[in-house]
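Let me begin by presenting the structure, written as structure tokens, before commenting on it.
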Amino acid sequence: MVTPGPLPQPRPQPRPQPRPQPRPFERAPGVADGVLATMPAALGCLDPAGRVVLVNTELELLLDRPAPDVLGRPVTDVLAAGTAAAVTSACHAALTSGAAVSLEVPEPGGGAGWSALHAWPTADGAAFAFVDVTARRLAQDEAESARRAAESARRAAERAGARTALLAAVAGELSGALDSTSALGSLARLVVPALTDGCVVTVVDREGRARDVGSWHADPIRRPLLDRYAQVRLDTLPPASPVARALRSGSEAQEPVAAVLALMPPGPARDLLEVLGPATALVLPLTADGRAVGVLTLYLDPGRTLDDDDLCTAREVAAQAGRTVDRVHRQSQQAKLAEELQRSLLTDPPTIAGAQVATRYVPAAESARVGGDWYDAFLHPGGDPVVVIGDVAGHDTAAAAEMGQLRGLLRGIAHYSGAGPAEVLRGLDAAMDAMHTGTLATAAIARLEHGGTLLRWASAGHPPPLVADPDGTVTVLADGLGDLLLGVDATAVRRESTVPLRPGAVVLLYTDGLVERRDCDVDTGVARLRRHLAALTGLPLEQLADALLARMLPATPQDDVALVAICVHPRD
């Protein structure tokens, strides 16, 4: 800011070449006065001493003072202090540089508007003018406000989109989870760094024990430290800690980590948390049926906080995780009940003179797919061995119960009627229709006749039986006799077929879980089973059954499997 006072001398300018003076008739009298009086800008001139020597009509109106009151007075007496200082500074700069100077100043009259102040050197001092730019300034301010609002809206939309994407990723990760440990173990990676700097996920198992099943930190250096901390923190968990409180009450807890450290006894867990250095611990319960089934612990570094939207997102993540734990626990309980029910219904095969029977049942790794497969072996009223395999549509306890009902019906019909396989299937289909079971099932029955030299069999939509001769030749009994599955049409024709058996031949019946997978159709699976059965021919029947399962099934079967194999010993 230049102190008001005498103006500097104008910078010397090159002497202009003399121009011809206009003739008197070329200069209209009073032109300059008319221009000054009508120009829209407020114009004034200062002499070298900083006194006002000229004002136009617009400046008089702006000052609300007539020209005689201001002419010859210092500019500091004419204009308000701030405006006078701006004019003096601009004129000083113009005279020093020899060029015009422009800047924006508050309205000289003391209003709320803005003016552009222009100053330029003259031959006898300096001139200045005020031009109203309030409308332009307001338009610029409005444009800037609109830009800031648009930027704020864009950032809000991005954050909302990120939160939606996070919740979708969490839902996708948890929706198909079959056990809480593997499902929630990956949850920490999803919420870091979107919601927090570090995260530990805790699950309460069915016995009520809390276990940390996953952790993740945004800082790769602190990541292994957090992993070690998660391995030891629950061993010395103070009852007053936020994690313990959340597990007991099922309510949210937030504490400064300094307060948590003060509660912890000396030891590895306390040392690791101190090195990790978070500022705040936020513990969100994973709840189901009003009880805590786990907690989600978020560790926030110094300077980081969660706004209301972030907090709502974190709570929704915890809610989804709680529902997942509850669902997995329920499915596990249902699967355990279904498997126990199923095994109780699948009784051991009877001892059959001159024959050996091997049975196997393998539950699916996926708890939701346990139940429905069955096998049976019994003696026909005439003394012939009969083996049965079946598969009820559906899973879990309902399918296991239906399976037990159909298994008992089939055995009762076979014993009472003494009929062959096709007629037994027809009778079972009729009984299902009369009882309105609403069940769909597949089944295959094989009866060994004439001392085991003839196999009579029938199928209701079931995978084909296999016959393995002692020399390794394996026959697939799939000659078009696979009739309609049970429960569709009680009047369907049921046919049966016979095939001779060589002494020592093995008859194998199985459910589709042995030959069908998501990446393998039934025909391909039957071909694999045929090759393995041929390669294993000659093994004792119990070993043969185990070896077939080992070769055919993945480590985690996708469906439950039942099989029954029978071998009639060759006579001496």
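The backbone N, Cα and C atoms fix where each Cβ goes, and this holds for glycine too.
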Any idea which of 136-163, 192-219, 332-359 is down as coiled coil in TrEMBL? 136-163
Lying 6 or more residues past either end of the coiled coil (136-163) yet within Cβ distance under 8 Å of it, the residues of that chain are 104, 113-114, 194, 309-310, 313
DSSP helix, strand and coil counts for the domain 'PAS' (30-96)? 39 helix, 11 strand, 17 coil
Confidence over the domain 'GAF' (179-335), expressed as mean pLDDT on the 0 to 100 scale, is 89
